[in-house]
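Just below is one structure, and these are the notes that go with it.
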Amino acid sequence: MLTYAPLNFIAIGIGATLGAWLRWVLGLRLNGAGWPWGTLTANLVGGYLIGVMVALIASHPEWPAWIRLAAVTGFLGGLTTFSTFSAETVDMLERGVYATAAAYAGASLAGSLAMTGLGLATVRLLLR
C-alpha cells in the first residue's frame with residue numbers, strides 16, 4: 001500500500017527533477033524548427049523505459065514502493081511529456097503544416113506504444 005511517507009515524496013521529487021532535466025537537455029540539443037526531435041526522443045525513450053519498469057516491478061514484488069515512485073512517477077513522469085507533444089502538434093496545425101503534424105502525432109503515439117511493448121518484451125526475454 002502506498003502512503004504519504006516522506007521517503008515517497010523525496011523519491012518522486014528526485015526522480016522528477018532528473019527526468020525533467022534530461023527532457024530539457026534533449027529539447028535543447030535535438031529540437032529543430034521543423035520537427036521537435038527532442039520531445040519525440042524523450043517520449044520514445046520514456047515509452048521503452050516504462051515497459052522495462054512495468055516488467056521489472058511485476059517480477060520483483062518485494063521492491064519497496066519508493067523505487068517504483070522514483071523511477072516511474074518521478075523520473076519517467078518528468079521525462080515524458082504529453083502536454084509539450086500536444087502543444088507542438090497544435091503549433092504545426094496552426095502553421096498549416098498538416099502533413100508534418102499528422103506524421104509527428106502518429107510517430108509519437110504509435111512509437112511510444114511500440115517502445116513500451118518492446119521494453120516489456122526485452123525484460124521478459126532477459127528474465128527467461
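The backbone N, Cα and C atoms fix where each Cβ goes, glycine too.
Now, the feature entries from Swiss-Prot:
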type: BINDING; residues: N43, Y104, S108; note: fluoride 2 binding site
type: BINDING; residues: N43, S112; note: fluoride 1 binding site
type: BINDING; residues: G77, T80; note: Na(+) binding site
type: TRANSMEM; residues: 7-29; note: transmembrane segment
type: TRANSMEM; residues: 36-57; note: transmembrane segment
type: TRANSMEM; residues: 65-94; note: transmembrane segment
type: TRANSMEM; residues: 98-126; note: transmembrane segment
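Among the binding-site residues listed (N43, Y104, S108, S112), N43 has its Cα nearest to the Cα of G77 (Na(+) binding site). In sequence order, N43, L44, G46, G47, T80 are the residues near S112 (fluoride 1 binding site), counting only same-chain partners six or more apart with C-beta under 8 A. The Cβ of T80 (Na(+) binding site) has 22 other Cβ atoms within 10 Å, all protein chains considered. The maximum pairwise C-alpha distance among N43, Y104, S108, the residues recorded as binding fluoride 2, is 12 Å.
Of the listed binding-site residues N43, S108, the Cβ environment within 10 Å is emptiest of other Cβ atoms at S108. For Y104 (fluoride 2 binding site), the same-chain residues lying six or more positions away in sequence with a CB closer than 8 A to its CB are W35, P36, L40, E88, T89, M92.
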